[in-house]
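J.: For reference, the structure I am asking about is given below.
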Amino acid sequence: MIPSYVPPKYRVEVDPNRCMLCERCTIECSWGVHRRDGERIISYSNRCGACHRCVVMCPRDAITIKENAISWRSHPLWDVDARVDIYNQAKTGCILLSGMGNAKEHPIYFDKIVLDACQVTNPSIDPLREPMELRTYIGKKPKQLEFDFVEEEIDGKKIKKAKLKTKIAPNLKLDTPIMIAHMSYGALSLNAHLSFAKAVKECGTFMGTGEGGLPKPLYPYADHIITQVASGRFGVNEEYLMKGSAIEIKIGQGAKPGIGGHLPGEKVTAEISATRMIPEGTDAISPAPHHDIYSIEDLAQLVRSLKEATRWKKPVFVKIAAVHNAPAIAVGIATSDADAVVIDGYKGGTGAAPKVFRDHVGIPIEMAIAAVDQRLREEGLRNEISVIASGGIRCSADVFKAIALGADAVYIGTAAMVALGCRVCGRCYTGLCAWGIATQRPELVKRLDPEVGARRVANLIKAWTHEIKELLGAAGINSIESLRGNRDRLRGVGLNEKELEVLGIKAAGE
Amino acid sequence: MEVEIDAKNMHYKELNEKIHQILRENPNVKKIILKNVLGQRFIGNGLQKKDLTIEIYGIPGGDLGMFMSGPTIIVHGNAEFAPGNTMDDGTIVIYGSSGDVTAHSMRGGKVFVRGDVGYRSGIHMKAYKDKVPVLVIGGTAKDFLGEYMAGGTIIVLNIDEKGNDLGKIKGRMIGTGIHGGAIYIRGEIDKDQLGVAADIKEFTKEDLEKIKPYIEEFCKWFNLSEDIKNKLLNSKWTKIAPISKRPFGKLYTPDLM
Ligand code: SF4
Ligand code: SF4
């Protein structure tokens, strides 16, 4: 066997003066860090991923986890990460896997954009006493409305009445512009999905199924669920398509643009197998492209086939990763009968992605939203199709900025998981999530109580919704509709001219 | 009860809406005959009625019988790309040839094509419990047959319209990424025609027993003689099956080394 040359990343210490040997940590750690050895707890630091489960659960506050401060010879080019990756690949000869989003220190443009506010002229609005409209409709909008005028006699008088002639396409009605992103059952546990489903129902918004099908316990929430069709077509049948409120075709994903998905066979348990409709224990492979899509026309064909299958009653979204060509693709999507384009930025999370993709492929969501919005406007299509942004949205200000840059609504993924307790430890792909979120092991899954989970997620969405109302008020706007694409409300700080140009915003002080 | 629709110059939406309307208004309808079909897509899309037969005269457009679960569709002519796409159950019988991605992601039911099929046919076919999809191709298939196949059975008979042998099939990259199911090709295949993860396995008596009913059904649908049937059953067959259920299991590093 080739030995590992990698020292432990973290140092786990149990303070013997505080520890009462209850052994809770030995049970809580699904990675097997802690073990009782006689009258003490010993910890294998090299197994620790800093998921904090033991720290939080220890009744005596006896555990500390620190970054392992061993000295590496410092080097500006050969940082520790680069060396560790090489050690690991030299040992295995394999592709490095990782979870969660991009872990490189790329600029976060959201943090270089500030919001403008009103003072004196055009005064700000107090959302505590004035209504703030956050209702958002996602779906196709008609280019214009046409009416038939029919003459009717009312009380002996002839009155012309207008009747709407234009057929309005089905739209999703959101009480807040925040939805929960597509994360598959398989990558996430049933209790995580149940938490999301209960929360979105309570908040009047929607969640996505991801590509893993719709598990039966989620059926009662189906009117708040968007089902996904990915290249693997797992769990996709007529019933599935009819169940949800909308359908999303997944072309790409921000965390791994250009590649498919892969749920390893050992995670395909009986329940996952039933939901995905594949035999237990086989790999669930979603190849990079949809096999029947090689052009925008082919994509249009899939959009239409899904509409046919659902009798043109459900909106169909198309999700692509944020790539430099996204604006042109979005135009194609807009002309394909699709109702919304979803752009997923490269900071978006994932259960498992090759590290090289997670950290190096894709473009920032901020740029992509602005560029897509701009291009759709130029083509005269922006008001016909909705734009949903996702990938690295961490707070209500990010939501606000995304909408001001041109999105109709956002999807949150990692943020919703963090609300459930996720520590962004990045080891979701091991299936051992100690928080019961990214796992299928029954003993771990039951650690997450769906009622508690739903409360936390609903609280988060409600808190952000309140904050968005306050931010709108400060901007002197009383409806989210007026914020969409309203880049005049944004200013850049520390951005160069080109970046400001792509974002379509002015510099602070301008 | 039988209903006929003349599809001449009809938009696909209108045609499919007509089919739905007929089914809504006449729950007893057993057969719908479509005349003059020319490129209308999505015929039979998502239909669930088990005892329904749709007979098509002409050439249906793409995604024929997509998401279908139960009915039988008979095409007297060629079909465009992706007949049987993500089909759940039912039967599609095509008297002519069909285009690329025939039987794409099919989970159950049967597709019989008398002539040839295009590229990437049977791609990502999958099976689940009692649902085992079957694609029987009378003629030949182009490259990437059964790519990423996760279950089900593909049979290539390799005969022309008279029942004569077509010679060695030329398709390349057969079964790339295959991790379930099996592809049976009449005749010999070279190893270098296979894609990664595919392997040539011994063709056993059990294999013959497995494919026999489908070959018999094929012969019945297309009225082939006993002689041809016997020739097909007594030919040399090549079985292509996955090397493993987890073809890419070793591609990724395990956690915590
Ligand atoms: S959970 Fe805390 S108190 Fe209990 S054994 Fe572990 S370190 Fe000691
Ligand atoms: S879901 Fe679990 S494994 Fe994944 S990052 Fe969060 S805590 Fe870690």
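Note that the numbers count up from 1, one per residue, in the order the chain is shown.
Even glycines carry a Cβ here, placed using N, Cα and C.
Nobody curates TrEMBL annotations by hand; they come from automatic prediction.
Quick paste from TrEMBL:
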- A:10-37: domain '4Fe-4S ferredoxin-type' (DOMAIN)
- A:C19, A:C22, A:C25, A:C58: [4Fe-4S] cluster 1 binding site (BINDING)
- A:C29, A:C48, A:C51, A:C54: [4Fe-4S] cluster 2 binding site (BINDING)
- A:38-68: domain '4Fe-4S ferredoxin-type' (DOMAIN)
J.: Given the binding-site residues A:C29, A:C48, A:C51, return the subset with CB under 6 A from an atom of ligand 1, ordered by sequence, or none if empty.
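T.: Near ligand 1: none of them.
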J.: Starting from the Cβ of A:C48 ([4Fe-4S] cluster 2 binding site), draw a 10 Å sphere and report how many other Cβ atoms land inside it.
T.: 24
J.: Between A:C58 ([4Fe-4S] cluster 1 binding site) and A:C29 ([4Fe-4S] cluster 2 binding site), find the distance joining the two CA atoms and give it rounded to the nearest Å.
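T.: About 11 Å separate the Cα atoms of these two residues.
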J.: Report, in whole Å, the straight Cα-to-Cα distance of A:C54 ([4Fe-4S] cluster 2 binding site) from A:C22 ([4Fe-4S] cluster 1 binding site).
T.: 12
J.: Taking only the residues in the domain '4Fe-4S ferredoxin-type' (A:10-37), give me the average pLDDT of this model.
T.: 96
J.: Name them in sequence order: residues not among A:C29, A:C48, A:C51, A:C54 whose Cβ is within 8 Å of the mean position of the Cβ atoms defining the [4Fe-4S] cluster 2 site.
T.: A:V12, A:C25, A:E28, A:S30, A:W31, A:V33, A:H34, A:R47, A:G49, A:A50, A:H52, A:R53, A:V55, A:I65, A:A434
J.: For a Cβ distance below 6 Å to any atom of ligand 2, name the binding-site residues from A:C19, A:C48, A:C54 that qualify, or say none.
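T.: Passing the 6 Å Cβ check against ligand 2: none.
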J.: Write down the Cα-Cα distance for A:C48 ([4Fe-4S] cluster 2 binding site) and A:C25 ([4Fe-4S] cluster 1 binding site), rounded and given in Å.
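T.: With the alpha carbons as reference points, the distance is 12 Å.
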J.: Can you tell me the CA-to-CA distance separating A:C48 ([4Fe-4S] cluster 2 binding site) and A:C19 ([4Fe-4S] cluster 1 binding site), as a whole number of Å?
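T.: If we compare the Cα positions of A:C48 ([4Fe-4S] cluster 2 binding site) and A:C19 ([4Fe-4S] cluster 1 binding site), the gap is 19 Å.
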J.: Which number gives the other C-beta atoms within 10 angstroms of the C-beta of A:C54 ([4Fe-4S] cluster 2 binding site), all protein chains shown included?
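T.: Its Cβ shell of radius 10 Å holds 25 other Cβ atoms.
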J.: Take the domain '4Fe-4S ferredoxin-type' (A:10-37) and count its residues per DSSP category (helix H/G/I, strand E/B, coil), listing them in that order.
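T.: Within the domain '4Fe-4S ferredoxin-type' (A:10-37) the tally stands at 5 helix, 9 strand, 14 coil.
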J.: A:C22, A:C51: which of these binding-site residues has the sparsest Cβ neighbourhood within 10 Å?
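T.: If we count Cβ atoms within 10 Å for the binding-site residues A:C22, A:C51, the smallest count is at A:C22.
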J.: Cα-Cα separation of A:C54 ([4Fe-4S] cluster 2 binding site) and A:C19 ([4Fe-4S] cluster 1 binding site), in Å?
T.: 12
J.: Fill in the CA-CA distance, A:C51 ([4Fe-4S] cluster 2 binding site) to A:C19 ([4Fe-4S] cluster 1 binding site), as an integer in Å.
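T.: With distance taken Cα to Cα, A:C19 ([4Fe-4S] cluster 1 binding site) is 20 Å from A:C51 ([4Fe-4S] cluster 2 binding site).
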J.: Could you give me three numbers for the domain '4Fe-4S ferredoxin-type' (A:38-68), the DSSP helix, strand and coil residue counts?
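T.: Residue counts for the domain '4Fe-4S ferredoxin-type' (A:38-68) by secondary structure: 8 helix, 9 strand, 14 coil.
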J.: Looking only at C-alpha atoms, tell me how far A:C19 ([4Fe-4S] cluster 1 binding site) is from A:C29 ([4Fe-4S] cluster 2 binding site), rounded to the nearest Å.
T.: 16
J.: Given the recorded [4Fe-4S] cluster 1 site (A:C19, A:C22, A:C25, A:C58), which additional residues of the same chain have their Cβ within 8 Å of the Cβ centre, ordered by sequence?
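T.: Those within range, site residues removed, are A:V14, A:M20, A:L21, A:E23, A:R24, A:H34, A:I41, A:C54, A:P59, A:R60, A:A62, A:I63.
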